[in-house]
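Quick look at what TrEMBL annotates:
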BINDING   GLY10, SER11, GLY12, LYS13, SER14, THR15, ARG119  ATP binding site
BINDING   SER14  Mg(2+) binding site
BINDING   ASP32, ARG56, GLY78, ARG142  substrate binding site
Amino acid sequence: MNIILIGYMGSGKSTIGKKLSQILDFEYVDLDNYIEEKEKNTISGIFKTKGEIYFRKIEKKYLEEVLILPNSVISLGGGTPCYGDNMKLITEAEDSKSVYLKASIPQLVMRLKDEKNKRPLISHLKSEEQLVEFIGKHLFERSVFYNQSNVTLSVDNKSVNSIVEEVILQLF
Ligand code: S3P
């Protein structure tokens with residue numbers, strides 16, 4: 001079985017995914033890292049040199065590859081479910097469950113404000129006010145995709161261990 005973690009940038013997909021995979025003794029796959037290894041470039045580097053359209057194209061190709069790996073916890077990029085028919089691929093993937101790690105706007109702003117340089121989509125935003133406005137709109141647009149996940153879990157003010165426990169309780 002595969003567990004697919006979905007959520008906005010900064011929602012904790014990688015941290016939760018790693019811990020969950022250790023507890024379940026599953027493989028851990030981070031789609032962003034997978035892309036970076038295959039393309040021999042960082043995500044920011046790919047955005048800079050080849051642009052977002054190229055990134056979305058290869059993101060889909062690599063998504064298809066990771067969805068067929070056995071017994072894995074897979075963390076997707078924040079935008080992965082929101083392009084083309086990616087969410088359909090995710091929901092129809094064999095023996096898989098998707099989990100939306102749902103964080104509120106204030107929580108996301110808090111987690112992302114010092115990490116802008118790693119995230120090409122928000123690196124141009126100058127003030128915290130701009131970040132709040134951007135995330136608010138972006139999350140609203142993306143929620144229609146995220147909400148198609150099998151399970152939705154609120155992650156605000158919860159410890160990694162309690163989120164991992166909740167995921168396990170919901171899925172098994
Ligand atoms: C993106 C999120 C990033 C990465 C890329 C685009 C997005 O992943 O895939 O920068 O569109 O939200 P994380 O959610 O792991 O930061």
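In case you wondered, yes, glycine gets a Cβ from its N, Cα and C as well.
Features as recorded by TrEMBL, highlighted on the structure.
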residue: GLY10; record: ATP binding site; DSSP (3 states): coil
residue: THR15; record: ATP binding site; DSSP (3 states): helix
residue: ASP32; record: substrate binding site; DSSP (3 states): helix
residue: ARG56; record: substrate binding site; DSSP (3 states): helix
residue: GLY78; record: substrate binding site; DSSP (3 states): coil
residue: ARG119; record: ATP binding site; DSSP (3 states): coil
Listed binding-site residues adjacent to ligand 1, that is, members of GLY10, SER11, GLY12, ASP32, ARG56, GLY78 whose C-beta is under 6 A away: ASP32, GLY78
Proximal residue to ARG56 (substrate binding site) among binding-site residues GLY10, GLY12, THR15, ARG119 (C-alpha distance): ARG119
Rounded distance in angstrom between the Cα atoms of ASP32 (substrate binding site) and ARG119 (ATP binding site): 11
Entry from the binding-site residues list LYS13, ARG56, ARG119, ARG142 having the most other CB atoms no farther than 10 A: LYS13
Between LYS13 (ATP binding site) and ARG142 (substrate binding site): CA-CA distance (Å): 16
Rounded Cα separation (Å) that holds between LYS13 (ATP binding site) and GLY78 (substrate binding site): 9
DSSP-derived structure type at ARG142 (substrate binding site), helix or strand or else coil: helix
Between THR15 (ATP binding site) and GLY78 (substrate binding site), the C-alpha gap once rounded to whole angstrom: 14
Inter-residue C-alpha distance, SER14 (ATP binding site) and GLY78 (substrate binding site) (nearest angstrom): 11
Spatial neighbours, same chain, of SER11 (ATP binding site) - Cβ under 8 Å, 6+ residues apart: GLY78, LEU101, LYS102, ALA103, LEU108, VAL155
Cα-Cα distance, maximum over ASP32, ARG56, GLY78, ARG142, record's substrate binders, Å: 18
